[in-house]
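Marked as transmembrane segment by TrEMBL: A:12-30, A:42-63, A:94-117, A:123-140, A:161-181, A:212-232, A:244-266, A:286-308.
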Amino acid sequence: MPIVKFILSRTWIWSWVAAAGAFMMVMALTQGRGASELAYAALSFGAFAAIVGLGQMLVITLGPGNVDLSIPATMTLAGTLALKTMGSDPNTAILGFTVAIGVGILAGMMNFALIYLLRLPPIIATLAASLIFQSIAIWSNRGLRIKPPEGLADFATGRTFGLPNVALVGLGLSILVWIVLERTVFGRWLLAAGQNLRAARLAGIPVEFVRATTYITVAVFASIAGFFLSSFSGGAALNMGQEYLLTSIAVVVIGGTSIAGGMSNVPGVWGASLFMFLVVSMLNSYGLGAGVRMMLTGTIIIGIVIAASTRRTRA
Amino acid sequence: MKSLLLSAAAIAMATTAVHADTSGKRIALSNNYAGNSWRQAMLHSWEDVAETAVAAGTVAAADAFTTSENQATEQAAQIQNMILQGYDAIVVNAASPTALNGAVKEACDAGLVVVSFDGIVTEPCAWRIAVDFQEMGRLQVEYLAGRIPDGGKLLEIRGLAGVFVDDEISAGIHKGIEEFPQFEIAGAVHGDWAQDVAQKAVAGLLPSLPDVVGVVTQGGDGYGAAQAFKAAGRDTPLIVLGNRQDEMAWWSEQHADNGYETMSLSIAPGVASLSFWVAQQILDGAEVPKDLSVPFLKVTQDTLDTTLEGTPEGSVATIDYSLDDAKGVIAGAM
């Protein structure tokens with residue numbers, strides 16, 4: 001029984017159970033038909049949610065009040081500027097990626113500057129910054145969709161060893177985040193700052209450096225997601241990041257990361273990202289109306305969060 | 001002959017009167033959202049017509065204002081500001097058909113002319129340039145019935161849940177299904193009028209979706225649906241498109257490859273320029289019925305190439321309406 005106990009004490013297990021449940025529900029309807037198709041789609045689209053979710057997770061880990069609401073605007077800006085720079089020309093993928101990363105770094109620095117220099121609460125600072133990012137995106141290209149270079153589009157929609165390339169990118173980033181959190185001093189600093197900022201500062205941890213790095217990381221992750229999403233869907237659109245605002249927060253919470261900060265959970269973000277895609281897929285497959293669908297999604301999310309947090313207190 | 005001369009003189013006077021009467025008037029555009037290619041094309045169309053009209057001295061000013069958060073409360077405050085700034089007319093694309101009624105009433109009471117279009121308001125004192133969204137949905141099914149007489153299963157891509165336009169188009173589609181019962185909606189997803197959202201939603205539904213012969217859409221979602229079908233390795237059904245340049249470019253490619261044919265329809269973003277001229281006509285003292293309607297912009301295989309040529313890359317097919325077009329629409333509603 002120790003194995004069962006070990007598994008049940010992992011808060012991330014609940015998001016995976018929910019994802020598997022939603023998957024089985026669709027399969028029950030199709031009698032097993034299209035299983036690999038659905039799994040593939042879930043991995044492709046879940047990857048985008050997972051990438052922005054990982055960034056949001058790091059920020060939320062910083063402790064109460066820390067959240068990045070500029071993720072959608074950063075995604076849009078990075079996608080728009082990168083695709084405009086590449087202008088559909090072949091062999092410009094590296095250049096476009098560099099532009100996207102650059103946008104992420106600048107956006108993150110801007111967010112942190114507002115938080116640190118003006119002492120604004122992160123919610124206000126990132127929301128204000130997102131209006132600026134969105135406006136730059138509108139101003140720079142007026143919402144025209146420029147096609148990604150063919151090679152890049154093929155990569156974004158393609159697969160390697162049967163797995164979607166975007167999922168592999170997401171997996172790589174997840175491993176990186178996991179190593180940083182679990183095996184490096186920086187990870188310890190981040191967790192310590194999230195558990196008690198004052199104690200961490202008194203212990204000699206450079207908390208402002210940790211905060212700055214985290215806010216830049218989340219923006220870079222959002223930029224990477226925006227870059228690949230616009231390459232994946234045939235161009236950047238001004239409203240392309242919109243749904244990732246709530247999704248990024250939801251996958252963190254469902255994944256078992258503590259909303260109070262100081263505790264992260266990388267596998268949970270993936271389970272939750274797959275679940276967020278599969279639950280919509282499941283409710284659509286059963287032909288439920290939009291109202292019922294949203295109500296059920298909300299109810300299921302609350303259920304998972306309760307299940308995950310009850311486990312935590314007992315453990 | 002004499003009467004002809006007289007009427008010619010009357011027309012000449014009337015035309016000069018147009019300039020004389022509204023040259024000092026100021027018109028404002030109150031817009032609730034700018035975050036997609038359709039709205040950007042709409043603002044562009046407004047800027048074009050406003051610039052020419054101001055340069056020609058037809059009106060003194062025609063400024064465009066967009067709220068940042070797509071909130072009715074924010075737009076109501078914006079309209080109140082416009083009243084204080086002394087505009088003579090407000091052209092509004094409203095965030096809600098009812099939530100702005102209070103502000104619109106205040107504007108009317110202050111003597112302003114209010115013309116709503118696309119997102120119309122129900123306040124009786126305002127003019128409405130409406131689109132028959134139901135007909136837009138019904139027409140799609142009618143077209144499919146012409147192309148696939150035997151009928152079959154359809155996939156419906158809806159817009160943003162809870163928005164008036166989404167309900168209207170969908171109601172029209174269901175009306176079309178009643179009219180042509182050989183069709184049946186096998187599944188429906190919400191694509192939020194965005195290619196990437198539609199692509200994601202369709203990809204999630206496809207594994208459990210039986211073979212469909214057609215896809216009915218709301219605009220801005222056809223290309224995403226096509227991508228999802230392609231990624232799943234399924235045959236591309238007949239997808240009704242929504243005039244976006246990337247959709248039409250894809251259609252043109254498919255046509256060259258395998259003779260794919262479809263239809264595309266949407267409201268031209270240039271409806272903003274039509275609304276400008278209607279407001280100008282009202283200020284000019286013309287008698288204009290409160291309810292006007294704009295035709296859709298429909299693209300068929302015959303008009304595809306010319307439309308595609310005239311549409312900037314990544315934008316939406318549009319037409320700029322002239323003063324004469326506005327007079328025609330007004331006359332048509334009398």
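Every residue gets a Cβ built from N, Cα and C, even glycine.
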If contact means at least 3 Cβ pairs within less than 8 Å, sequence distance 6 or more, would you call the transmembrane segment (A:123-140) and the transmembrane segment (A:94-117) in contact?
yes
Is it the case that the transmembrane segment (A:94-117) and the transmembrane segment (A:212-232) have 3 or more CB pairs under 8 Å, with pairs at least 6 apart in sequence?
yes
Could you check whether the transmembrane segment (A:161-181) packs against the transmembrane segment (A:286-308) - three or more CB pairs closer than 8 Å, residues at least 6 apart in sequence?
no
Residues from the same chain, set at least six apart from the ends of the transmembrane segment (A:244-266), whose C-beta lies under 8 A from its own:
10-12, 14-15, 18, 48-50, 52-58, 60-64, 66-69, 71-72, 75, 174, 177-178, 181, 190-192, 194-196, 222, 225, 272-273, 275-276, 301, 304-305, 308, 312
Using a Cβ-Cβ cut-off of under 8 Å, list the residues of the same chain that are 6+ residues beyond the ends of the transmembrane segment (A:42-63) and lie near it.
19, 23, 71, 75, 122, 163-164, 166-167, 169-170, 173-174, 177, 190-191, 193-195, 197, 210-211, 214-215, 217-222, 224-225, 228-229, 232, 244, 247-249, 251-252, 255, 257-266, 269-270, 272-274, 276-278, 281
